[in-house]
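> Supplied in structure tokens, the structure appears directly below.
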Amino acid sequence: MSITWAGSTFHGGRCSRKIPGRPPPRGKLPVPRGGVARAALQASGTGPAFPVVTARIAARHGLLLNATKSPQSFLRSSVMEQIKVVVHGAAGRVGQEVVKAVCQEPGMRLVGAVDLRVTAEPLSLPDGSGTVPFSTDIDAILDRCRPDVVVDFSIARASMPAVRAASRHSVNMVIGTTGFTAADFDEMKQLAEAGEIGIVAAPNFALGAVLMMHLAKIAGRFLDHAEIIELHHDRKLDAPSGTALLTARAMAEARGKPFLPPAAGEPTPSRGQAVEGISLHSVRLPGLMAHQEVIFGAAGQTLSIRHDTINRECYMPGVMLAVRAVVERKGFIYGLDKLLGL
């Protein structure tokens with residue numbers, strides 16, 4: 001199967017493939033980094049003939065050919081089927097990684113960015129392929145860019161207004177911000193229902209951290225004593241971390257009862273915050289990123305389950321998974337484990 005394209009111009013590399021029975025392409029036929037579909041958006045309607053696009057070439061670019069569509073409508077639909085993403089907190093350390101990951105992810109397109117620390121408008125894309133609108137006003141960006149998903153890595157006091165704005169505009173959300181209260185989560189559930197949107201919130205998008213929590217839930221069914229030590233960089237505002245709180249509550253839920261304290265009497269402040277019988281200890285120091293260790297104790301033995309975050313790239317596979325999932329699911333989901341089937 002093949003489709004012949006004509007009457008448009010590509011910008012990028014050279015195509016020298018000869019197709020039997022068809023004239024060879026004339027001149028340079030570059031394809032920009034966004035792939036064949038993005039090139040179609042830049043087409044001017046004049047210039048050298050398009051090369052023939054076979055199913056093999058289309059598959060290389062992640063496109064599905066439809067013989068009933070014209071080349072132009074086929075290319076337009078390929079772009080329209082991309083998930084359009086706005087990043088809230090785009091100037092932050094994780095936000096910058098999300099911007100980069102969305103730009104590199106097949107089937108996704110960054111259409112806008114929001115941050116209270118906007119230094120320039122518009123935002124230049126990391127690969128140098130163009131710019132997107134960048135503002136401190138999320139309502140203005142949602143009106144202008146009309147995304148499918150907002151990815152939020154900011155702070156709690158900025159995140160909740162963003163959730164309300166997303167609900168008003170019926171835009172799905174993926175939330176990696178932590179420091180929320182129980183009332184905040186209740187409001188998220190209500191906003192997801194009111195806006196008929198999907199909201200996926202998780203304290204940790206690293207797949208290894210999610211597996212660490214899952215293994216701790218299994219171990220907690222057999223061992224009665226546990227403590228959690230979480231260590232983060234000195235700029236992290238909340239303590240204990242959202243990951244530590246979720247781990248402790250999930251462990252207690254899995255075993256059906258609280259853990260046993262290591263000694264009788266009320267715990268002293270130096271013993272950490274008690275959650276479901278588990279003492280949580282928080283460390284904040286320069287040089288750290290994000291680390292958590294769950295330690296179980298029993299007569300004559302201990303068991304430790306630890307996860308270490310080396311860099312922020314480890315969050316991106318989980319974030320991309322959540323972006324793809326949230327457009328298919330309505331309502332509020334807390335925890336990446338729900339999307340992994342754990």
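Glycine is no exception: its Cβ is also placed from the backbone N, Cα and C atoms.
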> GLY89, ALA90, ALA91, GLY92, ARG93, VAL94, GLY176, THR177, THR178, ALA202, PRO203, ASN204, PHE205 show up in TrEMBL as binding NAD(+); which entry in ASP115, ASP148, ASP234 does that record put in the same site?
ASP115
> For LYS236 (active site, proton donor), what is the tally of other C-beta atoms lying within 10 angstroms of its C-beta?
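So the number of other Cβ atoms within 10 Å of LYS236 (active site, proton donor) is 17.
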> If the (S)-2,3,4,5-tetrahydrodipicolinate site is taken as the center of the Cβ atoms of HIS233, GLY242, THR243, which further residues of that chain fall within 8 Å of it by their Cβ?
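Here the non-site neighbours turn out to be THR178, PRO203, ASN204, GLU230, HIS232, LYS236, ASP238, SER241, ALA244, ALA290, GLN292.
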> At a 10 A cut-off on CB-CB distances, which of the recorded positions ARG117, HIS232, HIS233 has the highest count?
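In terms of Cβ crowding, the pick is HIS232.
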> Provide, as an integer number of angstrom, the distance between the C-alpha atoms of LYS236 (active site, proton donor) and GLY242 ((S)-2,3,4,5-tetrahydrodipicolinate binding site).
11
> Which of the recorded positions HIS232, HIS233, GLY242, THR243 has its Cα nearest to the Cα of ARG117 (NADP(+) binding site)?
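Result: the closest of the recorded positions to ARG117 (NADP(+) binding site) is HIS233.
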> Under a three-state reduction of DSSP output, how is GLY242 ((S)-2,3,4,5-tetrahydrodipicolinate binding site) classified: helix, strand, or coil?
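Going by the DSSP assignment, GLY242 ((S)-2,3,4,5-tetrahydrodipicolinate binding site) falls within a helical segment, counted as helix.
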